[in-house]
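Quick look at what TrEMBL annotates:
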- 18-270: domain 'Protein kinase' (DOMAIN)
- Lys47, Glu96, Tyr97, Ala98, Glu145, Asn146, Asp159: ATP binding site (BINDING)
- Asp141: active site, proton acceptor (ACT_SITE)
- Lys143: SUMO2 cross-link (CROSSLNK)
Amino acid sequence: MQNTLDAIRGKKLHLSNFKIRHKVGKGSYGTVFAARHRQSGAVCAIKTINKARLRTRGAEDLVKREVDIHSQLRYRGILELYTWFEDSYNYFLVMEYAPGGELLRALRQEGPFCERRAANYSAQIAAALQYLHSKDVIHRDLKLENVLLQANGKLMLADFGLSVSLPPGTQLYDSCGTLDYRAPEALGGQGYSREIDMWALGVMTYEFLTGRLPFYSEDDAVVRERIVKADITPLPTSVSYLAREYVHSLLELDPCWRLSCNEALLDPWILEHCQRC
Ligand code: ATP
Ligand code: MG
């Protein structure tokens with residue numbers, strides 16, 4: 001596998017070098033296909049991003065930033081970007097293929113998860129965020145659709161389309177990402193930083209344990225109101241005290257008091273369930 005991947009990693013390639021298979025997903029900018037590199041037989045996923053659609057949305061710079069950031073990342077819990085190329089109409093991002101699909105689908109089919117599985121998943125995401133934050137990168141679009149499953153059941157963070165490089169001590173003010181996962185400081189306009197990823201981890205862990213969103217409402221205005229007050233729908237009493245404390249420490253209004261990746265990985269609930277993950 002290593003050798004076959006060397007035939008595509010960082011190489012200047014063209015669409016004709018690949019045999020395109022089935023569609024595996026669609027996001028707001030890209031359509032993703034499973035593909036096989038003809039010469040080496042390497043399996044990969046190719047995200048196609050239409051240039052005209054990017055232009056109409058004034059988002060041409062987004063792909064360049066996504067490629068710049070994603071191509072610097074090498075960690076087993078982060079989907080690898082092997083290479084990219086373009087033609088007149090599309091950009092093509094050639095990535096590691098995640099055969100297990102989205103974590104969202106797994107939760108819908110098999111959830112809510114037991115505490116052991118929820119803690120394991122939460123720890124895997126925290127470890128990937130620890131790597132990302134150590135590179136001064138904020139993901140900014142963490143949600144169950146952007147966490148994918150490898151063949152061995154381990155998780156991988158994907159979709160760096162909204163990610164930014166942000167030196168420590170600096171803040172961002174623009175609002176982006178899916179409302180249900182957005183942190184209070186990213187809604188209030190007071191500036192935000194890497195702690196927003198930890199809030200999103202809190203939302204996802206709540207979903208693992210309940211199958212539901214913590215601030216759910218059909219009305220977006222109500223969702224916003226609930227987020228800025230951290231008005232969480234109470235966790236069922238069947239959820240343990242330690243799990244509850246962990247989720248509440250991630251869904252902490254004040255970013256300074258919110259768990260960091262390091263703290264999340266040392267949390268008693270995480271340690272109880274995954275000593276070696
Ligand atoms: P968004 O709407 O989140 O901005 P996007 O247009 O940037 O999405 P992605 O999130 O990268 O696109 O991909 C869309 C979907 O395609 C994912 O949610 C996932 O279901 C699927 N997908 C993406 N990359 C892969 C991959 N490498 N292997 C398998 N499936 C993938
Ligand atoms: Mg996505």
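Quick reminder: no glycine exception, Cβ is built from N, Cα and C everywhere.
Owing to the predicted nature of the structure, the values given are computational and were not obtained by experimental measurement.
Under DSSP, Lys47 (ATP binding site) is assigned to a strand (E or B) in the three-state scheme. Fewest Cβ neighbours within 10 Å among the recorded positions Asp141, Glu145: that distinction goes to Glu145. Screening the binding-site residues Tyr97, Glu145, Asp159 for a C-beta under 6 A from any atom of ligand 2 leaves Glu145, Asp159. Here the Cα atom of the residue listed as 'SUMO2 cross-link' is found 19 Å from that of Glu96 (ATP binding site). Of all the recorded positions given, namely Lys47, Lys143, the one with the smallest number of surrounding CB atoms inside 10 A is Lys143. The two recorded residues, Glu96 (ATP binding site) and the residue listed as 'active site, proton acceptor', have Cα atoms 19 Å apart.
Maximum intra-site Cα distance, ATP binding residues Lys47, Glu96, Tyr97, Ala98, Glu145, Asn146, Asp159: 16 Å. Listed in sequence order, the residues of the same chain lying 6 or more apart from Asp159 (ATP binding site) and placing their CB within less than 8 Å of its CB are Gly27, Asp141, Glu145, Asn146. Spatially close to Ala98 (ATP binding site) yet at least six residues away along the chain are Ala45, Leu79, Leu148, Leu149, Gln150, Met156, Ala158, judged by Cβ distances under 8 angstroms. DSSP gives Glu96 (ATP binding site) a coil state; it is part of no helix or strand. All protein chains included, Tyr97 (ATP binding site) registers 21 other Cβ atoms within 10 Å of its own Cβ.
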